[in-house]
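Visitor: Positions annotated as domain 'Importin N-terminal' by Swiss-Prot: 45-111. Look at Swiss-Prot and you will find 56-88 tagged as repeat 'HEAT 2'. Among the features that Swiss-Prot reports, repeat 'HEAT 3' is placed at 95-135. Annotation comment: Swiss-Prot describes 142-179 as repeat 'HEAT 4'. Under the heading repeat 'HEAT 5', Swiss-Prot lists 194-231. Annotated repeat 'HEAT 7' per Swiss-Prot: 276-325, in sequence order. The repeat 'HEAT 8' annotation in Swiss-Prot covers 330-372. Residues or ranges marked as repeat 'HEAT 11' by Swiss-Prot: 487-522. If you look up Swiss-Prot, you'll see 562-600 marked as repeat 'HEAT 13'. The repeat 'HEAT 15' annotation in Swiss-Prot covers 676-716. Under the heading repeat 'HEAT 16', Swiss-Prot lists 720-754. Here Swiss-Prot flags 815-845 as repeat 'HEAT 18'. Positions annotated as repeat 'HEAT 19' by Swiss-Prot: 860-893.
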Amino acid sequence: MERREEQLGAAGAGAAPALDFTVENVEKALHQLYYDPNIENKNLAQKWLMQAQVSPQAWHFSWQLLQPDKVPEIQYFGASALHIKISRYWSDIPTDQYESLKAHSFTQITRFASGSKIVLTRLCVALASLALSMMPDAWPCAVADMVRLFQAEDSPVDSQGRCLALLELLTVLPEEFQTSRLPQYRKGLVRASLAVECGAVFPLLEQLLQQPSSPSCVRQKVLKCFSSWVQLEVPLQDCEALIQAAFAALQDSELFDSSVEAIVNAISQPDAQRYVNTLLKLIPLVLGLQEQLRQAVQNGDMETSHGICRIAVALGENHSRALLDQVEHWQSFLALVNMIMFCTGIPGHYPVNETTSSLTLTFWYTLQDDILSFEAEKQAVYQQVYRPVYFQLVDVLLHKAQFPSDEEYGFWSSDEKEQFRIYRVDISDTLMYVYEMLGAELLSNLYDKLGRLLTSSEEPYSWQHTEALLYGFQSIAETIDVNYSDVVPGLIGLIPRISISNVQLADTVMFTIGALSEWLADHPVMINSVLPLVLHALGNPELSVSSVSTLKKICRECKYELPPYAANIVAVSQDVLMKQIHKTSQCMWLMQALGFLLSALQVEENLKNLHSLISTYIQQLEKLAEEIPKPSNKLAIVHILGLLSNLFTTLDVSHHEDDHEGPELRKLPVPQGPNPVVVVLQQVFQLIQKVLSKWLSDAQVVEAVCAIFEKSVKTLLDDFAPMVPQLCEMLGRMYSTVPQASALDLTRQLVHIFAHEPAHFPPIEALFLLVTSVTLSLFQQGPRDHPDIVDSFMQLLAQALKRKPDLFQCERLDVKAVFQCAVLALKFPEAPTVKASCGFFTELLPRCGEIESVGKVVQEDGRMLLIAVLEAIGGQASRSLMDCFADILFALNKHCFSLLSMWIKEALQPPGFPSARLSPEQKDTFSQQILRERVNKRRVKEMVKEFTLLCRGLHGTDYTADY
């Protein structure tokens with residue numbers, strides 16, 4: 001045992017001599033893989049066996065492992081090794097051995113025809129790979145030969161065994177072609193050869209399928225074989241007889257699944273639409289399945305109904321345009337559409353009672369697109385036929401979207417509820433799309449139904465029906481501009497009449513109100529009809545998401561109409577926040593809603609509400625600042641800081657966001673005096689510093705503090721100016737004590753907004769120099785532990801160069817050290833950090849001429865940068881980053897041409913750099929290409945992509961075909 005493990009260990013490490021790959025050692029390794037309880041030994045054996053499979057010795061041992069006295073596991077490995085050698089190492093085989101390899105493969109398949117099925121399949125795959133490698137020149141009639149050899153009467157295997165073995169071989173042949181690694185030009189030749197060879201396959205399949213004496217196992221194999229071959233894009237008319245036979249086989253329960261798969265694959269081939277006559281012949285066959293479909297639905301046979309639906313949808317969805325064009329056959333196509341409608345409306349609740357209806361939704365998109373793509377006159381004709389169909393579809397979809405009874409829904413698993421939620425979203429998307437076909441009449445239709453339902457005194461309505469109709473409105477109103485609609489006022493009037501006794505209905509009422517918030521902004525008189533419902537729902541934790549998101553939408557869209565309701569909204573919101581009814585994320589949304597609301601108030605009113613809203617939190621924060629740090633306190637601090645951040649994110653009394661809304665927007669006059677947010681921030685600044693002093697080493701707290709100021713800066717812009725000096729001072733102290741990425745991100749915001757203003761340049765320059773100095777010290781200690789800090793630092797440097805290059809002219813800035821650290825950052829394993837570093841260099845290099853210190857350091861250390869870039873392209877960095885490195889090369893070429901032309905030749909001189917796979921000619925070509933291209937950045941990116949593939953040995957492989 002020890003001896004074996006030593007051998008396997010050595011082989012696993014790549015140190016074993018080739019002689020170790022013997023039959024005996026392979027068998028021992030397989031025994032270890034299957035039966036050794038030690039997982040490390042299993043992994044070791046697996047690694048060794050993978051090496052054995054690709055070794056030259058595999059040609060020898062694979063045949064020996066197939067001997068009759070071996071167990072199936074060993075035989076399977078032998079067959080797999082044979083397949084790997086044939087498919088990947090075909091060039092190893094001398095031409096004169098092709099025939100013996102072929103004959104030996106046939107012999108083994110014949111022997112295993114009555115043996116292990118998994119071994120038989122692997123051997124068939126191996127022979128299929130061999131055939132593909134030899135076709136068409138070395139083996140021009142491969143498929144016909146296979147059929148002839150297996151039909152020979154002198155075989156020792158019984159006819160059924162031979163038949164099944166042949167069918168297995170014919171089945172895997174197209175599958176192996178689809179996954180083969182054949183070069184593109186060979187693939188075309190082999191595909192053409194196989195298309196011709198199907199003439200030897202289909203008559204055999206037809207005969208076996210229609211022969212009454214064929215056993216079920218053979219017929220099933222025939223259908224699978226046909227299914228495999230049609231994916232080679234065989235002309236649909238050549239498949240006609242087999243498709244008809246497959247339709248007949250649908251009546252046999254044992255053959256049903258295989259028949260469905262074969263029919264769907266045949267119909268779904270992209271080329272099939274060319275054969276319109278064949279498609280027209282298929283419609284009656286599909287329509288002939290309606291009785292079987294109805295019976296299946298009646299008997300709760302989900303598998304059968306699912307399969308028949310797949311067939312109908314495959315025909316309708318893939319060929320609706322071709323079939324619509326056949327005007328004289330419009331009635332048969334309409335019958336197919338109605339059959340698909342039946343599948344859409346199949347009884348029962350998805351996904352518990354049925355899983356079929358979801359298959360049909362894409363068909364309705366396709367049909368609508370095809371109808372609307374016709375020229376106006378033809379479209380009008382089809383609209384006349386299909387508008388009633390689409391109105392019926394809306395009714396069907398809304399019925400399918402209905403919730404089950406509360407009792408039934410209570411028994412559903414969480415997974416079933418989630419699937420139903422996704423299904424309803426799909427229905428919502430479909431309704432939104434159908435609106436394009438039906439227009440305003442669809443809204444009127446929904447409104448009439450809802451009105452009749454809510455005002456009828458004859459019978460009590462179900463909440464499910466009401467909810468579904470509202471859901472239809474919501475689906476459309478969320479994405480379509482319904483401001484012109486004459487039914488929305490009536491709908492808003494109906495909503496308060498809805499008797500809400502159910503969470504799902506209440507949720508949909510909320511979301512519908514939210515979807516109509518833009519309409520409410522244009523019709524403020526209606527706000528009072530629905531706002532009380534929303535505020536009432538805020539107090540229900542089960543309606544947390546819907547009520548808070550709806551209030552946020554109303555506050556955002558209708559903020560200039562809300563001052564009369566502001567006191568009530570703030571009071572209700574404060575109450576639910578204090579009672580902790582909502583989860584953290586909803587609390588944050590609620591604060592954003594209040595930020596929108598307060599933005600529209602006069603300054604005095606704003607400050608009054610603001611103090612009322614946050615005073616409790618400030619008191620809690622003061623108390624927490626006095627206490628010894630502990631985990632529960634940290635959660636509370638981060639929560640309070642998060643609430644303030646989200647409030648300040650949207651509290652914009654200067655209405656900066658509205659600047660993009662257009663001149664027609666009703667704006668309040670810009671208030672005079674200090675900004676309320678700045679007033680509050682100045683009041684709590686000392687408190688925040690006190691909190692920081694105790695939590696400075698905690699990244700989450702520091703991040704939460706920075707978020708308050710970062711979001712305030714983004715919202716307030718120039719209004720934040722009074723805070724700049726003290727914030728710069730605080731950030732400097734924070735970063736000097738414990739460097740954190742969030743502090744650098746906030747510094748970047750300050751540079752972006754205020755660095756260009758002379759009054760603010762001194763504190764920002766001081767902060768920039770300080771954080772740069774601290775970060776450079778971090779590089780000396782070992783920056784690899786802080787990729788987030790390096791990432792943020794590189795982004796800060798790039799922003800400084802972009803916004804205020806003067807920051808790089810300061811004598812106290814060590815530009816050389818910054819440059820060297822950025823080169824080091826290019827070698828980080830983290831992609832975002834590398835990307836940020838590349839971004840810094842693409843901003844720095846254009847400044848060579850205007851900033852003396854930058855020009856000097858590029859002249860001295862630019863070669864080091866180029867080598868780092870070439871190393872990355874040579875294989876040290878991810879291929880996804882090549883565009884970023886190409887940007888650096890382009891910038892070097894554009895702004896430092898004379899230096900680059902000297903450096904690149906020197907850098908590429910050493911053998912094996914940047915990759916041992918490159919020839920001197922390839923390196924020379926690359927350098928010349930780069931130096932020639934100083935205008936077209938896209939071309940440089942293409943050159944770099946080509947070069948990196950050469951460096952990695954991937955050029956011209958299928959692996960990089962889409963790269």
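Placed from the backbone N, Cα and C atoms, the Cβ positions cover glycine too.
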Visitor: Could you break down the residues of the repeat 'HEAT 19' (860-893) into DSSP helix, strand and coil, giving a count for each?
Guide: 32 helix, 0 strand, 2 coil
Visitor: Do any residues, 6 or more residues outside the repeat 'HEAT 18' (815-845), come within under 8 Å Cβ-to-Cβ of it, and if so which ones?
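Guide: Cβ under 8 Å, 6 or more out: 772, 775-776, 779, 783-784, 787-788, 790-792, 794-795, 797-798, 801-802, 808, 853-854, 856-858, 860-861, 864-865, 868-869, 871-872, 876-878, 880-881, 884-885, 887-888, 891-892, 894-896.
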Visitor: Are there residues at least six beyond either end of the repeat 'HEAT 4' (142-179) with Cβ under 8 Å to its Cβ atoms? List them, or say none.
Guide: 87, 106, 109-114, 120-121, 124-125, 127-129, 131-132, 134-135, 187, 190-191, 193-194, 197-198, 200-201, 204, 208, 215, 217-218, 221-222, 224-225, 228-229, 231-232
Visitor: Taking a Cβ cut-off under 8 Å, which residues six or more beyond the ends of the repeat 'HEAT 11' (487-522) line up next to it in the same chain?
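Guide: For the repeat 'HEAT 11' (487-522), the nonlocal Cβ contacts are 403, 406, 443-444, 446-447, 450-451, 454-455, 463, 466-467, 470-471, 473-474, 477-478, 481, 529-530, 533-534, 537, 540, 542-543, 545-547, 549-550, 553-554, 556-558, 560-561.
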Visitor: By DSSP, how many residues in the repeat 'HEAT 13' (562-600) are helix, how many strand, and how many coil?
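Guide: Summed by class, the stretch gives 32 helix, 0 strand, 7 coil.
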Visitor: Per DSSP, what is the residue count of the repeat 'HEAT 2' (56-88) in each of helix, strand and coil?
Guide: 24 helix, 0 strand, 9 coil
Visitor: With DSSP as the yardstick, break the repeat 'HEAT 3' (95-135) down into helix, strand and coil residue counts.
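Guide: The repeat 'HEAT 3' (95-135) comes out at 36 helix, 0 strand, 5 coil.
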